[in-house]
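Enquirer: Taken from TrEMBL, the feature transmembrane segment applies to A:12-35, A:77-99, A:120-150, A:162-183, A:195-219, A:239-263.
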Amino acid sequence: MNMPLYRQMLAINLKMFMNYAVGSAFYILLMFWIYPGIAKNSGSLNSLIDAMPEGVGKAFGLENGFGSIGAFISGEYYGLLYLLILSIFCILVSTQLIAKLVDQGSMAYLLSAPTTRTKVALTQAAVLLSGLVLICAVTTLAGFAGYAWFIGDLADFDGTGFVLLNAGALLLFFCIGGISYLISACCNDEKRALTLSGVITIGFFSLNLIGKISGQLSWMRHISVFSLFDPGEIVGKTANWPLSVAVLAGLGAAAFAAGMIIFRKRSLPL
Amino acid sequence: MLSVEHVTKIFPNGRGIRDVTFSVRRGEVFGFLGPNGAGKSTTIRHIMGFLKPDQGSVKVCGHDTWKEQGRFQKYIGYLPGEIAFIEGMTGKAFLDFMAGMQGGVDSAWRDELIRRLQFDVRTPIRKMSKGMKQKVGIVAAFMHRPEVIILDEPTSGLDPLMQKVFIELVLEEKARGTTFLMSSHNFPEIERTCDRAAIIKDGVIIAVKDIHELQSMQRKLFEVTFESEQEVNDFMKCGLKIDSREGSRVRVAVQGDVDRFIRETARFHVRNIDVFTQNLEDIFMNYYDREGQTP
Ligand SMILES: Nc1ncnc2c1ncn2[C@@H]1O[C@H](COP(=O)(O)OP(=O)(O)OP(=O)(O)O)[C@@H](O)[C@H]1O
Ligand SMILES: [Mg+2]
C-alpha cells in the first residue's frame, strides 16, 4: 500500500462513491416505503406470479412471493437493480483505476515515484474495495433504518438473513470487481478494458438469468459467478451460504492477485 | 551513475531500438539527440523501467531498473515526453501529491522553482496551456532534488524566455553535482548545457560524442561581403572552402576551424558578415551518410 496514493485516489473518487451509496440507500428506503402497500395486495400479486411460467418468476427473484419484506427486498432489489448498480460500479471504477491511467499516461508519474508497481496495484485495488464496502455498508444500514422507519419493530426483522444477504452481495462483487480489475491491469486501452469487463459481467449475468428461466439451459447458471449469489435462497435459508461465499472470495482473491502479478510483469507503453 | 547496456526492444510493428549502449557519469549532463521516431523516448522508457527490454539492461546507481522496481526511483526525477496528469487536480494539488509520493520535498525550493518558471499553480490542470503543463512537469522533476534528472524534450512548449530560465536551472543543478539525461531536437539547448551527447537514428546509436566534437561537426556558412571583387579574388586563394560566390559576396563553409576563417578574413576589408548554422537534421544526415560510406 502507498498511503499518499490511497488518500489522493479517495479524494478524487469519494464523491462518486458516495453518489452510488446514497443512490442505493435511497432506493432501498423506497422499497421499504412501498412495501406495506404491496403487502396488502400480496394475495393477488402472488396469484399473478403463480400464473407466470415458473422460470420467469425465478429469474426475477419472485419465487418467494411478496408475502414477507425479506422476500420482497431480496427479489425486487437484490435480485436485479442492486446487481446492476454494483456491476456498473465495478466495471467503471476498476477501469478508471488502472487501464485509464496507463492509457492516458499519468501512470508514468505514479511509477516514477519511489514505490513498486505491486504497491501501486495493491493501492488501486484497496481503493476499489473501499468504494465497494462503503456502498454495501450504507445500503445495509439503510435497510435496517428503512425497516425501523416504515415497517415496524426491528426485533421482528430477520437481521441475520439481511446481513448474510448483503455480505453475499459484497462478496459477489469482490469477485466481479476482481475480474474487472484483472482485465484493467492487462489492458493498455481504456475503452478495450471497459468493453471487455462489461461484456464479461453482462455475459455472466445473462447466463445466470437464462439458466434460471429455462430448465433445459440450467447448466448455464453453473458457469456464471452470479449463480453463487441467490438472494431468494439466502433469505429463504436454503442456500449453502458459507460455500458460495468461500468460492466467491477465493475467485475474487485469485483475480486480484493475478491482476497485480500481470501488472508487475508487463511492459507499459507510458 | 546511469548505464544503458545493449538494450534491444523490437515492437510488433518492427520499429524499436537495437543494442543501445551508453553511460552517463555522475555530475554529467548528457544529451540525447535524434529525429522524430528515432527511439529517444523508447530508450528513456527503458531507463524508467516502464518497458521490459528484449535484451540488455539499464542500471541507475547500481540498480537494475526493470528487476529492482522501487529501489532506483528515489534517485530520479522524471519529465515525460508526453505529459499526462491525473485528471481533476490543480497544479498545486498535483505537486503536493507528488511531493507526498516522494516522501516530502523542500517547499522553499519548490516555491522558488514555481516563482522562476512564472506560472499560477492554482490553475486546474485541464485549463492549463501546453507550456504551463510543461512547467508543472519541470517542477515535479526538480523539486525533490534527485541525483539524476531525466528529461524527455524538456523545452517543448516553452517560450524562448522560459527556455533560457530552464537552461539556467539545469546549469545551476549541474553545478551542484546533479546528473542529467535530456533528449532534444534543439541543438542550441544541448550545446549550452551538455557535456556529451548521443545521436540516435532508426533505433541505433550512431555516435556518442563530446559536445565540442559535435560542435565541430556542425558546418556553418559565413556569408562575407568584401569591399571589392579584387579582395574576393585574393581571399579565394587562401584555401578555405568556398560554397558560392556572387559579386563581392562569398559564402564560406566552415566546419570546426572558425579561428582560421577569422584570421583569413581579417586580412581584407569586410563590409558585412552573416552566419547560417546548419540545423541538427543536416548534422544527422551528414553523420549518417558518412557512416553509410565507411563499410
Ligand atoms: N508501444 C509501442 N508500440 C509500437 N511501436 C512503438 C511503441 N512505442 C514506440 N514505437 C515506435 O518506435 C519508434 C521510436 O519511438 P520513440 O517514441 O522512441 O521516438 P522518439 O525518438 O522519442 O521520437 P520523438 O522525437 O518524435 O519524440 C517510433 O517509430 C514509434 O512508432
Ligand atoms: Mg519522444
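Including glycine, each Cβ sits where the backbone N, Cα and C put it.
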Enquirer: For the transmembrane segment (A:195-219), what are the same-chain contacts with Cβ under 8 Å, counting residues 6+ beyond its ends?
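Expert: Distant contacts of the transmembrane segment (A:195-219): 53, 55-56, 58-59, 83, 87, 90-91, 94-95, 176, 179-180, 183-184, 187, 225-227.
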Enquirer: Within the same chain, where does the transmembrane segment (A:12-35) have neighbours whose Cβ lies under 8 angstroms from its own Cβ atoms, ignoring anything closer than 6 residues to its ends? I mean 6 or more beyond.
Expert: 69, 72-73, 76-77, 81-82, 85, 89, 93, 96, 127, 130-131, 134-135, 137-139, 141-143, 145-147, 149-151
Enquirer: What residues in the same chain, six or more past the boundaries of the transmembrane segment (A:77-99), come closer than 8 Å to it by Cβ-Cβ distance?
Expert: 9, 13, 16, 20, 23-24, 27-28, 31, 60-61, 107, 121, 124-125, 127-128, 131-132, 135, 139, 165, 169, 172-173, 176-177, 180-181, 183-185, 187-190, 192-194, 197-198, 201-202, 205, 226, 231-232, 259, 263
Enquirer: Short question: which residues 6 or more past the ends of the transmembrane segment (A:162-183) have a Cβ under 8 Å from it?
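Expert: That would be 70, 73-74, 78, 82-83, 86-87, 89-91, 93-95, 97-99, 124-125, 128-129, 132-133, 136, 139-140, 143-144, 193, 196-197, 200-201, 204, 225-226, 228-229, 231, 234-235, 239, 241, 244-245, 248-249, 251-256, 258-259, 262.
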